Amino acid sequence: MKRTWENYTRIYMYSENQSNYLQSVRRSEAISVHLVCLGNICRSPLANALLANKCADLTKPKVAVDSSGTGPWHVGEDASAFSIQVWQEAGYKYQHKAKQFKDSFFKQHDLILAMDLSNRAALVKLAKSEEDKNKILMFLSFDPELQNIDPEGEDAHQLSVPDPYGMELAEYKKVLDMLERAADGFKSWVNS
(Lines of atoms letter the chains of each structure in order from A and count residues from 1; the text may use other names and numbers.)
(Lines give C-alpha, C1' and ligand atoms only; values in the text may rest on other atoms or scores of the structure.)
Protein backbone atom coordinates (compact mmCIF):
# COMPACT_ATOMS: atom_id res chain seq x y z
CA MET A 1 0.00 0.00 0.00
CA LYS A 2 1.36 3.42 -0.90
CA ARG A 3 2.01 5.56 2.17
CA THR A 4 -0.16 8.65 2.28
CA TRP A 5 -1.43 10.69 5.17
CA GLU A 6 -4.96 9.96 4.01
CA ASN A 7 -4.55 6.22 4.69
CA TYR A 8 -2.19 6.71 7.64
CA THR A 9 -4.68 5.80 10.35
CA ARG A 10 -5.69 2.60 8.55
CA ILE A 11 -2.14 1.28 8.23
CA TYR A 12 -1.34 0.24 11.77
CA MET A 13 -4.29 1.03 14.04
CA TYR A 14 -5.60 -1.75 16.23
CA SER A 15 -9.26 -1.25 15.43
CA GLU A 16 -11.66 0.47 13.14
CA ASN A 17 -12.98 2.37 16.18
CA GLN A 18 -9.55 3.88 16.82
CA SER A 19 -9.12 4.72 13.15
CA ASN A 20 -12.53 6.43 13.08
CA TYR A 21 -11.70 8.29 16.30
CA LEU A 22 -8.44 9.61 14.84
CA GLN A 23 -10.18 10.76 11.67
CA SER A 24 -12.69 12.71 13.77
CA VAL A 25 -9.88 14.26 15.83
CA ARG A 26 -8.09 15.36 12.70
CA ARG A 27 -11.23 17.08 11.39
CA SER A 28 -11.98 18.93 14.64
CA GLU A 29 -11.52 22.65 15.31
CA ALA A 30 -8.90 22.02 18.00
CA ILE A 31 -6.70 19.11 19.05
CA SER A 32 -5.27 18.70 22.54
CA VAL A 33 -2.15 16.54 22.56
CA HIS A 34 -0.50 15.12 25.67
CA LEU A 35 3.03 13.66 25.41
CA VAL A 36 4.16 11.09 27.99
CA CYS A 37 7.55 9.72 29.01
CA LEU A 38 8.83 8.36 32.32
CA GLY A 39 9.95 11.38 34.37
CA ASN A 40 8.79 14.33 32.24
CA ILE A 41 12.20 15.98 32.23
CA CYS A 42 13.87 14.70 29.03
CA ARG A 43 11.87 13.26 26.13
CA SER A 44 8.31 14.50 26.59
CA PRO A 45 9.30 18.12 27.35
CA LEU A 46 11.61 18.10 24.32
CA ALA A 47 8.78 16.71 22.18
CA ASN A 48 6.44 19.30 23.72
CA ALA A 49 8.80 22.14 22.78
CA LEU A 50 9.06 20.87 19.20
CA LEU A 51 5.40 20.09 18.63
CA ALA A 52 4.06 23.27 20.24
CA ASN A 53 6.41 25.45 18.19
CA LYS A 54 5.87 23.56 14.93
CA CYS A 55 2.07 23.67 15.29
CA ALA A 56 1.84 27.25 16.59
CA ASP A 57 0.87 28.57 13.14
CA LEU A 58 -2.01 26.13 12.68
CA THR A 59 -5.47 27.64 12.98
CA LYS A 60 -7.74 24.76 11.98
CA PRO A 61 -7.30 22.66 13.82
CA LYS A 62 -5.58 24.62 16.55
CA VAL A 63 -3.15 22.32 18.37
CA ALA A 64 -2.52 22.58 22.13
CA VAL A 65 0.35 20.53 23.56
CA ASP A 66 1.15 19.41 27.11
CA SER A 67 3.26 16.67 28.68
CA SER A 68 3.77 14.58 31.78
CA GLY A 69 5.57 11.50 33.06
CA THR A 70 4.23 8.19 34.31
CA GLY A 71 6.56 8.36 37.33
CA PRO A 72 6.53 10.85 40.24
CA TRP A 73 10.27 11.38 40.72
CA HIS A 74 10.69 14.80 39.12
CA VAL A 75 7.35 16.54 39.77
CA GLY A 76 7.89 20.31 39.92
CA GLU A 77 11.39 20.20 38.43
CA ASP A 78 12.58 21.95 35.29
CA ALA A 79 13.41 19.89 32.22
CA SER A 80 16.92 18.45 32.13
CA ALA A 81 19.63 20.96 31.28
CA PHE A 82 20.52 19.08 28.09
CA SER A 83 16.89 18.97 26.91
CA ILE A 84 16.63 22.73 27.40
CA GLN A 85 19.95 23.31 25.63
CA VAL A 86 18.95 21.13 22.68
CA TRP A 87 15.56 22.77 22.10
CA GLN A 88 17.00 26.26 22.52
CA GLU A 89 19.85 25.56 20.08
CA ALA A 90 17.23 24.30 17.62
CA GLY A 91 15.42 27.64 17.97
CA TYR A 92 12.43 26.58 20.05
CA LYS A 93 11.01 28.57 22.96
CA TYR A 94 9.37 26.68 25.79
CA GLN A 95 9.04 26.75 29.60
CA HIS A 96 8.54 23.52 31.51
CA LYS A 97 7.78 22.10 34.97
CA ALA A 98 7.51 18.34 35.30
CA LYS A 99 4.25 16.71 36.35
CA GLN A 100 2.93 13.19 36.70
CA PHE A 101 0.26 11.76 34.41
CA LYS A 102 -3.21 11.57 35.97
CA ASP A 103 -6.07 9.50 34.63
CA SER A 104 -8.12 12.71 34.38
CA PHE A 105 -5.84 13.68 31.47
CA PHE A 106 -7.74 11.20 29.29
CA LYS A 107 -10.80 13.46 29.50
CA GLN A 108 -8.76 16.64 28.98
CA HIS A 109 -6.84 15.58 25.86
CA ASP A 110 -7.68 14.16 22.45
CA LEU A 111 -4.41 12.30 21.90
CA ILE A 112 -2.06 10.73 24.46
CA LEU A 113 1.29 10.11 22.75
CA ALA A 114 3.77 7.79 24.45
CA MET A 115 7.53 8.03 24.05
CA ASP A 116 8.19 4.31 24.55
CA LEU A 117 6.47 0.96 24.88
CA SER A 118 6.68 0.78 28.68
CA ASN A 119 4.98 4.15 29.05
CA ARG A 120 2.38 3.10 26.49
CA ALA A 121 1.69 -0.03 28.56
CA ALA A 122 1.35 2.08 31.73
CA LEU A 123 -1.12 4.37 29.95
CA VAL A 124 -3.18 1.43 28.68
CA LYS A 125 -3.42 0.16 32.28
CA LEU A 126 -4.65 3.57 33.43
CA ALA A 127 -7.26 3.81 30.66
CA LYS A 128 -10.74 3.21 32.04
CA SER A 129 -12.55 2.77 28.72
CA GLU A 130 -12.11 1.94 25.06
CA GLU A 131 -12.48 5.66 24.38
CA ASP A 132 -9.44 6.31 26.58
CA LYS A 133 -7.46 3.54 24.85
CA ASN A 134 -8.30 4.96 21.42
CA LYS A 135 -6.41 8.11 22.41
CA ILE A 136 -3.12 6.30 23.14
CA LEU A 137 -0.56 6.23 20.32
CA MET A 138 3.20 6.10 19.98
CA PHE A 139 4.57 9.54 19.09
CA LEU A 140 7.08 8.05 16.64
CA SER A 141 4.18 6.49 14.71
CA PHE A 142 3.83 9.92 13.11
CA ASP A 143 7.31 9.60 11.55
CA PRO A 144 6.49 8.71 7.91
CA GLU A 145 9.29 6.13 7.87
CA LEU A 146 7.81 4.33 10.90
CA GLN A 147 4.07 4.65 10.27
CA ASN A 148 3.72 1.06 9.03
CA ILE A 149 4.93 -0.41 12.32
CA ASP A 150 2.31 -2.04 14.51
CA PRO A 151 2.84 -0.85 18.11
CA GLU A 152 1.92 -4.35 19.26
CA GLY A 153 3.96 -6.19 16.64
CA GLU A 154 7.46 -7.63 16.57
CA ASP A 155 9.03 -4.38 15.29
CA ALA A 156 7.31 -2.18 17.88
CA HIS A 157 10.62 -1.40 19.61
CA GLN A 158 11.43 0.87 16.65
CA LEU A 159 8.67 3.21 17.88
CA SER A 160 10.39 3.83 21.23
CA VAL A 161 12.35 7.02 21.81
CA PRO A 162 15.44 6.04 23.86
CA ASP A 163 15.63 7.75 27.24
CA PRO A 164 18.72 10.00 27.29
CA TYR A 165 18.49 10.58 31.06
CA GLY A 166 22.00 10.63 32.55
CA MET A 167 23.69 10.56 29.15
CA GLU A 168 25.77 13.07 27.22
CA LEU A 169 24.49 15.92 25.04
CA ALA A 170 25.01 13.90 21.84
CA GLU A 171 22.28 11.46 22.92
CA TYR A 172 19.82 14.32 23.42
CA LYS A 173 20.61 15.56 19.92
CA LYS A 174 19.83 12.09 18.52
CA VAL A 175 16.51 12.17 20.38
CA LEU A 176 15.83 15.63 18.94
CA ASP A 177 16.28 14.29 15.41
CA MET A 178 13.84 11.43 16.04
CA LEU A 179 11.28 13.76 17.59
CA GLU A 180 11.64 16.31 14.78
CA ARG A 181 10.62 13.72 12.18
CA ALA A 182 7.61 12.67 14.25
CA ALA A 183 6.58 16.28 14.93
CA ASP A 184 6.80 17.11 11.22
CA GLY A 185 4.79 13.99 10.45
CA PHE A 186 2.17 14.93 13.03
CA LYS A 187 1.78 18.38 11.49
CA SER A 188 1.43 16.83 8.03
CA TRP A 189 -1.18 14.40 9.35
CA VAL A 190 -3.16 17.26 10.90
CA ASN A 191 -2.99 19.24 7.64
CA SER A 192 -3.89 16.34 5.34
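Each Cβ is built from the backbone N, Cα and C atoms, and glycine gets one as well.
Copied over from TrEMBL:
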type	residues	note
DOMAIN	31-189	domain 'Phosphotyrosine protein phosphatase I'
ACT_SITE	C37	active site, nucleophile
ACT_SITE	R43	active site
ACT_SITE	D163	active site, proton donor
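A map of TrEMBL features onto the structure.
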{"residue": "C37", "record": "active site, nucleophile", "DSSP (3 states)": "strand"}
{"residue": "R43", "record": "active site", "DSSP (3 states)": "helix"}
{"residue": "D163", "record": "active site, proton donor", "DSSP (3 states)": "coil"}
In Å, rounded, how far does the Cα of R43 (active site) sit from the Cα of C37 (active site, nucleophile)?
6
When the active-site residues C37, R43, D163 are compared by other Cβ atoms within 10 Å, fewest goes to D163
In whole Å, how far does the CA atom of the residue listed as 'active site, nucleophile' lie from that of D163 (active site, proton donor)?
9
